[in-house]
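Asker: Straight out of TrEMBL:
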BINDING   B:T100, B:S101, B:D205, B:H208, B:Y230, B:W260, B:T286  pyridoxal 5'-phosphate binding site
MOD_RES   B:K231  N6-(pyridoxal phosphate)lysine
Amino acid sequence: MSDALLRRAEELDGDDRLAKIRDRFALDTSPDRPAGAAEVYLDGNSLGALPHGVAARLQDVVEREWGRLRIRSWDESGWWTAPERVGDRIAPLIGAAPGQVVVGDSTSVNVFKALVAAVRMAPDGRDEVLVDAATFPTDGYIAESAARMTGCTVRPVAAVDMAAEVGPRTAVALVNHVDYRTGRLHDLPGTTAAAHAAGALVVWDLCHSAGALPVRLDEHGVDLAVGCTYKYLNGGPGSPAYLYIRRDLQPRFDSPLPGWNSHTDPFGMRPHYAPADGVLRGRVGTPEILSMLALDAALEAWDGVAIEDVRHKSLALTDFFLECVAELVPDGLVESITPAEHALRGSQVSLRCRGAGEVMAALIERGVVGDFRRPDVLRFGFTPLYTRYVDALRAADTLADVLR
Amino acid sequence: MERGTSRTVAEKLDAADPLAGFRDRFVITDPELIYLDGNSLGRLPAATPDHLREVVEGGWGGGLVRSWQNWIDWGSRLGARLADHVLGARAGEVVVCDSTSINLYKLAAAALDAAPRRSTVLIDAEDFPTNRYILQGLAAQRGLRLHQLTSDLDDGLQGEQLRSALDQDVALVVLSLVSYRSGALLDMAAVNELARAVGARVLWDLSHAAGAVPVELAATGAELAVGCTYKYLNGGPGSPAYLYVRRELQAQLRQPVWGWFGQREQFQMGAEYDPVPSIERFLVSTPPLLSLAAIDPALALVEEAGVERIRAKGLLLGRLVTDLADDWLGPLGFRSASPHLPERRGSHVSLYHPDAWRICQALATEAKVVCDYRVPDRLRIGPSPLYTRFTEVWDAMDRLREVATRRNYVSRPADLTRVT
Ligand SMILES: Cc1ncc(COP(=O)(O)O)c(C=O)c1O
Ligand SMILES: Cc1ncc(COP(=O)(O)O)c(C=O)c1O
């Protein structure tokens, strides 16, 4: 490892305004690793690390709220309203004013709700759903099923061409804000504006952007958005997803899943479905309380953190990692498929490399955890709340070792 | 069972109760408080907090993303245990995922897709609302006729009603095996047979049955079922639901929410949706793992006790409720709002009273008896057999009698709270 790079890394860590936030996470706790050899975890874009407060909060939810208060907790512990409350806690991270985000169910299920509702809201006669051609697969499958259900056809279009391709037949476009494989950041303001100009709606999948960079949903007039909470938001394995419904669209949001939790009078057991006002029309059945309140506790890690600082550090970390890779890894062994330009980069670096599957296994063996995406991509996620510059250096250095 | 209203009857039943020991396997923090609402949210099993702590601290905190190697099939593994011990289903017919509402939607839509030439859906107008709303949505979207049978509020749907509504145009019948309000228990085998005779499919909601009464999905020829795990199965608030699809039917059905967890070679990230042939084709997405994990220790208790023994005790508990209600409560304005025969009920009993809501509130705050209220005027008493003593039921009924006699409840607000 080069001394100069190590000094740089230490300097950058010393100047890092977010450095202290790492203490909010249960990292470096593995008993079978000697101190100082803590793992470098660069897979927080798949499953975020565990924030310290979560275990205690979950224990309280389980032992006191469930164990002692039992059924009373639906009211007294605020379980019933948790989907909206936790939604409002996520809202500032994605540039949404209160009352437009609801939490519950998975990302896939929320993509389904959003797409079907979008087609139902689109002007008459539109029969096409555009889907980001490189989309994460579940979004693509869901788009197919939503289209089939609403009598539309799906047309895959590269995310970068989406703005040019939305047309008079387009009901809705489904776009990933950041591509899960390449880490490319797509143009949310431009694509949204183009869709609106063509009379179409847009659904943004924020899985790989929320918590990694500013997402200005309200400012850019985004219609609908969904995202998962177990990546950069650190909500825990399979923590429930969120759905954003822009306020003025809420009265027209017609869910394909009209469960009783979205009813205006859920306990009235009324004969007919009458959706509630507001974003809670995005709800379906009884919320998964333990997972949802673990997420609620995890979001405390964001207290006092400015998303602009996160973005600044994310770019600096990924820049530094790319620099270390360029310096340490022999030429020609890896190729970055993540855009170098800041405006086009999310918070991960994807490197193509031969035998990527085995390379990643060897990295993990040596305490550098990223992930492998077929056929040949090494994915390194940089989560600014707890990733250090020395981690970026160690990852690059270990990669160089493995490849040599 | 000895008929009588003396507390000794209950004491004798407790002394002879083979499941008595299970009470200690749950967290009971206030022995004075009598909890008769396990049909809404089951009590916390004593083993659950440690299990969750291990999943959070060891699995998530320690193992991080690698733990998915272990977690990825928990929904299937829990499904297999439910199939074997609770639902009378065969291996590979049950999986745990999503909410009951979502599973109902998935299976109903799949069944309707498979019967394109039929245009009627039969439901019970008195069924739990989420089932009706979901089916209303599906029927409206597909231009189907939703035929809502008005079952008897107290006695449930009668076979004759169903028989006369079934014809060759019926694609799907959606029914709760045990009614959420009256507790009326339907005859699964008979209903399946009636539907089969006209080529209709039945989708069962087992929410109030599973873990309380023996369910024989395979033996009765049931084809589709869903249900929740937070009632008699004690999985915790909003724990994920299960779904059942008869093995022979699986490959023919396609659920409408095409998510990557149903995909062959999920991590190949293939562009075309191509679902696996097995029960996992009805999965959609990443499960809420902490909520899912809590089902494991809870289900272990039901497995150990055995549904047959749970049912045997549930019948006696129900009898005790109705015997005491008959003897004590009639003059106080109550009447039974459940089928009279214990064999025709699940594990809860409903009582009618014009002031049921205020009585329910008074019972909880003045007498430490928790049961629940259901519109319009029902008090629902659900003694979950795994942790409820006969003497608790006796004491609860005694306190109810007292609250009703004292009539303090009349000074309470009559307005319903948001969550009842
Ligand atoms: C872009 C994107 N969408 C959706 C998902 C996952 O969806 P679900 O949580 O519904 O399984 C992922 C998961 O990695 C993702 O990266
Ligand atoms: C018969 C029945 N079905 C479904 C549900 C609930 O469904 P979900 O968990 O989707 O809210 C209940 C809840 O009480 C129920 O009684």
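Don't overthink the numbers, they just go from 1 along the chain as shown.
Every residue, even glycine, has its Cβ placed from backbone N, Cα and C.
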Asker: Quick one: of the recorded positions B:T100, B:S101, B:Y230, B:K231, which have a CB under 8 A from chain A's CB atoms?
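Answerer: Qualifying residues, whose Cβ lies under 8 Å from chain A: B:T100, B:S101, B:Y230.
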Asker: Does anything in the same chain, at least 6 positions from B:S101 (pyridoxal 5'-phosphate binding site), have a Cβ under 8 Å from its Cβ, and if so what?
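Answerer: Expected: B:T130, B:N131, B:I134.
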Asker: Might you list, by sequence position, any residue in that chain lying six or more from B:Y230 (pyridoxal 5'-phosphate binding site) with a Cβ less than 8 Å away from its Cβ?
Answerer: B:L41, B:G42, B:G236, B:P237, B:G238, B:S239
Asker: Counting only residues 6+ apart in the same chain, whose Cβ is under 8 Å from the Cβ of B:H208 (pyridoxal 5'-phosphate binding site)?
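Answerer: Result: B:N39, B:S176, B:L177, B:V178, B:S179, B:Y180, B:G183, B:K231, B:Y232, B:G346, B:S347, B:H348.
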Asker: Which of the three DSSP-derived classes (helix, strand, coil) applies to B:H208 (pyridoxal 5'-phosphate binding site)?
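Answerer: Where B:H208 (pyridoxal 5'-phosphate binding site) sits, the three-state DSSP reduction gives coil.
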Asker: Go through the recorded positions B:D205, B:H208, B:Y230, B:K231 and pull out the ones with a Cβ less than 6 angstroms from some atom of ligand 1.
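Answerer: Listed by sequence, the hits amount to none.
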Asker: Under a threshold of 6 Å between Cβ and any atom of ligand 2, which of the binding-site residues B:T100, B:S101, B:D205, B:W260 are retained?
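Answerer: What lies within reach of ligand 2, judged by Cβ under 6 Å, is B:T100, B:S101, B:D205.
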Asker: Can you check which residues sit near B:W260 (pyridoxal 5'-phosphate binding site), meaning Cβ under 8 Å from its Cβ, same chain, 6 or more apart in sequence, and list them in order?
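Answerer: In sequence order, the residues whose Cβ lies under 8 Å from that of B:W260 (pyridoxal 5'-phosphate binding site) (at least 6 apart) are B:Q266, B:S285.
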Asker: Under a three-state reduction of DSSP output, how is B:Y230 (pyridoxal 5'-phosphate binding site) classified: helix, strand, or coil?
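Answerer: DSSP assigns B:Y230 (pyridoxal 5'-phosphate binding site) to coil.
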Asker: My understanding is the cutoff is Cβ-Cβ under 8 Å with a sequence separation of 6 or more in the same chain; which residues meet that for B:T286 (pyridoxal 5'-phosphate binding site)?
Answerer: B:F261
